[in-house]
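As recorded in TrEMBL, the features of this protein are as follows:
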ACT_SITE  B:Glu490  active site, proton donor
BINDING   B:Trp359, B:Asp360, B:Lys602, B:Gln603  substrate binding site
DOMAIN    B:14-267  domain 'Glycoside hydrolase family 65 N-terminal'
DOMAIN    B:324-690  domain 'Glycoside hydrolase family 65 central catalytic'
DOMAIN    B:699-757  domain 'Glycoside hydrolase family 65 C-terminal'
Protein chains: 2
Amino acid sequence: MNQSKRILNEWSIIEEGFDPNSNEASESLFSLGNGVMGQRANFEEDYTGKTFQGNYIAGVYYPDKTRVGWWKNGYPEYFAKVLNAPNWIGIKVTIDGVLLDLNTCKKISNFRRELNMKEGWLSREFEATLKNNCKIKVYAKRFLSLTHNEVGAIAYTVTPINKEMTIQYEPSLDAGIVNKDSNWDDQFWNILEINQNSEQSFIYTHTLKTNFHVCTYMESKLFIDYKPLNTVPKNSHTSTTACSIYKENIKENQHFTIHKFGGYTVDRYHNKTKLIDAAKETLQKSINIGYDELLVLQIKEWKNIWKSADITIQGDVKAQQGIRFNIFHLNQTYLGTDSRLNVGPKGFTGEKYGGSTYWDTEAYCIPFYMATKNQEVARNLLTYRYNQLDKAIENAEKLGFTNGAALYPMVTMNGEECHNEWEITFEEIHRNGAIAYAIFNYTRYTNDYSYIPEKGLEVLIGIARFWQQRVNFSKERGKYVMLGVTGPNEYENNVNNNWYTNYLAQWSINYALENIEKVKDTYTEDYLRILNKTKITEQELTDWKKVADNIYFPYSEKHQVYLQQDGFLDKELIKVKDLNQNERPINQHWSWDKILRSPFIKQADVLQGFYFFEDHFSSKELEKHFDFYEPITVHESSLSPCIHSIIASKLNRMDQAYQLYLRTSRLDLDDYNKEVHEGLHITSMAGTWTSIIKGFGGMRIKNNLLSFEPRIPKEWKGYSFKINFRNHIIHVNITSEKSTFTVDGDKDVTILLNGKKTIAKATLKIS
Amino acid sequence: MNQSKRILNEWSIIEEGFDPNSNEASESLFSLGNGVMGQRANFEEDYTGKTFQGNYIAGVYYPDKTRVGWWKNGYPEYFAKVLNAPNWIGIKVTIDGVLLDLNTCKKISNFRRELNMKEGWLSREFEATLKNNCKIKVYAKRFLSLTHNEVGAIAYTVTPINKEMTIQYEPSLDAGIVNKDSNWDDQFWNILEINQNSEQSFIYTHTLKTNFHVCTYMESKLFIDYKPLNTVPKNSHTSTTACSIYKENIKENQHFTIHKFGGYTVDRYHNKTKLIDAAKETLQKSINIGYDELLVLQIKEWKNIWKSADITIQGDVKAQQGIRFNIFHLNQTYLGTDSRLNVGPKGFTGEKYGGSTYWDTEAYCIPFYMATKNQEVARNLLTYRYNQLDKAIENAEKLGFTNGAALYPMVTMNGEECHNEWEITFEEIHRNGAIAYAIFNYTRYTNDYSYIPEKGLEVLIGIARFWQQRVNFSKERGKYVMLGVTGPNEYENNVNNNWYTNYLAQWSINYALENIEKVKDTYTEDYLRILNKTKITEQELTDWKKVADNIYFPYSEKHQVYLQQDGFLDKELIKVKDLNQNERPINQHWSWDKILRSPFIKQADVLQGFYFFEDHFSSKELEKHFDFYEPITVHESSLSPCIHSIIASKLNRMDQAYQLYLRTSRLDLDDYNKEVHEGLHITSMAGTWTSIIKGFGGMRIKNNLLSFEPRIPKEWKGYSFKINFRNHIIHVNITSEKSTFTVDGDKDVTILLNGKKTIAKATLKIS
């Protein structure tokens, strides 16, 4: 009973046996989401063992007053917390007067949970002997509907095994929830109304400070041996909860089932005074459709998702399960239909981090969504930042910048910065570059240039202005320098001339200049609007150009590499392989100052630049830099191994690429960092996807040509993937013998194969 | 009534008129202390207006659990808070049934408070008309006895002015106190016993976690027109307070006086189970002596202090009051008789900062105590660090250092680090150098070498070991470098090769090596003991030497100055005078990143090194560095202007030296930083003293020669000071016409004057 094992499966995450000690980890791994709400895999029935209860509603957050040891000017006043939402899944189960609680049962056997990623549902089954010796079998299945995304459905069945029993179900709503990570033990929710009618309950609430209005609701239907019962429950409520009580005598081997429908109506989609009505409408629709048909719709919708997103790997179930787990959770977190939402680093699986938007979105997630969904989804992610441009300008103003310079926040919900470590908040400014890069990446991939005159150019101007103001001229060097920054490698803080940041700054300015010209030439109306709004002047553009042309890059002639920052070569360049393994991960063993003056790199930094701008450097240069930086990279960020895997593939170092792939794809499944109980690493999952498509697949777009240069890890017999490229679904099938490319729909496509056997190379030209 | 003014006076701080808005500032300025306890100048009677209540007992602290926004490995688990102690000064006053409360009186007139620095007492007088139209005159005087340092005494007199009144005094003890700056709203004190007998009350308490035991006590004597009354009070208590009630009918113009004696007995000086007995004994002694005689003793004791510490300034009351205010508060804070105590940055005047010991002690305070008191006092301050060597070794171990390397804490009570900003705690390591320097400074001044074999050498070895391990060899430079440090200028963080730190490191190692040799040669027994304890080897000493001989110093050929750190010349070197005055102080107007990449210096950094090691550099070099760094120094630390004033004097820039002197000496009196309500800047007061003695006085010791090269600010007619040099009290009297030196006691002294008229130069040789 105290052991559990995970069964490898291509399409499901399966756990057999119940281990209370790993329960919180499983609650994370088996989480459900449908893009607008989500929840950890908590039990429906009461559980007094270790559990981390979590329900989350996309975009509903609380501005928790900042708590710091030592205040620094410029810190934001609050930290936007992902908000634990009222719980609608609860079903208290009483068997002959004894509460079902897996923590107090005499015996539990045949415990099994499954997260079916193909069809989008979670199930759990077990047999339990209660303290009163009642033996029962339980089967529970639930899902958050994709087709009706305000509702979730649970089918919960108890079957008496050793005798007839009186079984009581108390489906409930609970709005008395708190955040584990609250700074000041504030109350986050205020309850406005608890409303119950025969079979329905509603708790109408709003969040304090942010005033988001939410109605949490439920309705249940009961069945014995799958035949509906027409019982009317006894309702009751407290000041924070509401429940309905159903009680029946159930014979041995009879199935007593409750279908519980529940979820949230939110004022983002309804009039805030009409949320109970909206919930009633949603319930009526769901009940009319019924649990079984809702599930059929769910399966169909997931089939649709997989159609353009699935990756198959032959001969390596571990790798196969890993990549599907990543694709599945990314789709649970964000579906791209609402440009007010974004991809939180823990999705709907935990509280940690707060905020929903990091540079992860632009650097890691956009390529995934762009290639697996309609291009509107990536456009929505770009629009999210466009809509927050004013806030980014305000953020920059708080730090002393002027004239429309924009600094996008490190962490945000609504565009305002909400993180408070000076070395990150004020200095990890490369995030601004990733936002410009995403615009470039989008137009390159989709060929949809219209985004730039419509929205993108204003963002590019704000960002270019920031860089121009952020550098200063060093008389000593006769160059522009960028002092006091933190690069992607957060194991160095407040350094000067981080190469990656300087390179992005130069590129962003040039890209902005190039697009100002383009828009001026071809979108006159847009140009005049933007000119009027941003008041850019010729003199300003000249100033930008001066910076871009004269920015300083630290370079070592001796090593022939760009240096991560000015002082890098003063460090003692010991290698990761020479580290004492007992001191790994170093972030759990070394004091911060020791980490900072060590050469060890948390995540791709210079190499992140080489990844972004692969065309700017030769293979020889890439190899030099990889050989210099990889041996000192500890990959203690979830965002690191994927980039290194991609580069290793490109350099045909397949063993290394494969090992790094496993590390990224099974980071949470195998709990590399011993923290999965806190939630999953959602955004890095997109990096895993990229490490197959761009890494092993060798996908590139250049001069409007899509090309692949696939390689196969020796552990695999073959692999295939699908991508949506400019409204063509392209199937790429790679084996060591032969690689093939097929295209759904429009056939006006040229496929070129280079004919090599093990290293297939192909170019696919969209005419 | 809402205005008050401070009257300039050579010996007193005087405030006339009552301004409730500046009350908290006055509570700081008029604070009392006697080295073992202290208190803000709170009112004895109840006051419902704005007040910051504070009583403090030296060395009694609470380890408040650390609170941070983002935890970094290596942070200490707690922050040692200066603990608000039970209040013994309270005397509730009721006049014909109405409470005396300056916040609710109908009228207040002739309000005056005086802090008499010559005699060491605080007085307050006023006339008040209460809501019941009773008009009274109040005169209160109190002091914390220097001769009987566990007791304080209050004489509080109410005189009815317009009629006979019933006056009730309720002297009280209050242990229900909290710290304003508590991190988690913890309770700090636990009450063990409240004990009252006819005229005495005792509250026996201990601090939670640290378990310091303290008995707070009181006894009162009543007088009408100075004739003793033999009344027995009515006693009462609550769970946290104790009081005695005295009630008398007092005729018009009669004086009704209460003498209240109170204070603390502490387990540092008594058996912790006998603290009430000890308090009884103390009370008996004090009552026997009586208030008036205790005050006579107090005046005598202060006279004694001033005898070797006073500085007179002719023709400039502002400057005169400033320096006496500084000398007075330094003596209130620390008297040097107990090597377990130290000089807290706010003394007994507020809570902010926590901890009692900073590098301020070694860098700023020791010269003051060394020259104004018996040399035992400075020795006690050194011994304090010696006693904490084991903790300093532990601190270093927590950061990964080995083999007895010692890192003294940035902030401490008991030797453990308790500050938690990584850029300070882990990186502002120059503090270690100041501790080595203090040992050198002490032996140079006192000629007492015995401290080194007895204690100092072990400290020097621990510190040298730290430096040797903290540097690393840069292949790039072929030199040892010190990465990731913060110098005294905290407006740069995590820089490489801070010149001051590197210089101190080199000097500390060489000084340790030199003294190992000396002790080896002349104190064989000590040497063997130390060798046995520290296990130093020849190889180790060679390694130290290699570091000291090959440490890197950033230097600019162009500017001919040592650079504050590696990247300093990449900054835009704008000057303080070109700053927008509305943006001063920059630490209240600029975001932290903007401060960090600006050239602006918070406090002397390279110049701190030039101050410490004045003999190592030529006047030409000093001038170059002062001209380079002074124009970019914003002096936003209380520790800054004094050092610059000293150097300006040395360069004969007397106007600048004088302006900087005023800024340091009247920092709190004129509230330059708008924060005096939080408490005073005690440690920087020692810097003020130094700016007269070493700055204007030009005092130096070299090759056992004491010399002066005095200069006079044009605002002064002359000035004089006294210092205790090797058990001679030397009087130095300087006017623009003539400087004289006289010596108390032993006359075997040679005085040399250079005969110049305005710039007297003299050397005083102790044979």
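Using N, Cα and C of the backbone, Cβ positions are placed for all residues, glycine too.
On the structure: features taken from TrEMBL.
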residue  : record                    : CB count, 10 Å
B:Trp359 : substrate binding site    : 24
B:Asp360 : substrate binding site    : 23
B:Glu490 : active site, proton donor : 21
B:Lys602 : substrate binding site    : 22
B:Gln603 : substrate binding site    : 24
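Listed in chain order, the extra residues whose Cβ falls within 8 Å of the Cβ center of the substrate site residues B:Trp359, B:Asp360, B:Lys602, B:Gln603 are B:Tyr358, B:Ala363, B:Pro488, B:Glu490, B:Ser637, B:Leu639, B:Ser640. Binding of substrate is attributed in the record to B:Trp359, B:Asp360, B:Lys602, B:Gln603, and the widest Cα separation among these residues amounts to 16 Å.
Taking the Cα atom of each, B:Trp359 (substrate binding site) and B:Glu490 (active site, proton donor) are about 14 angstrom apart. Mean predicted confidence for the domain 'Glycoside hydrolase family 65 central catalytic' (B:324-690): the pLDDT average there is 96. Across the fold, the C-alpha of B:Lys602 (substrate binding site) and the C-alpha of B:Glu490 (active site, proton donor) stand 6 Å from each other. Straight-line distance linking the Cα atoms of B:Asp360 (substrate binding site) and B:Glu490 (active site, proton donor), rounded to a whole number, equals 14 Å. Of the recorded residues, B:Gln603 (substrate binding site) and the residue listed as 'active site, proton donor' place their C-alpha atoms 8 Å from one another.
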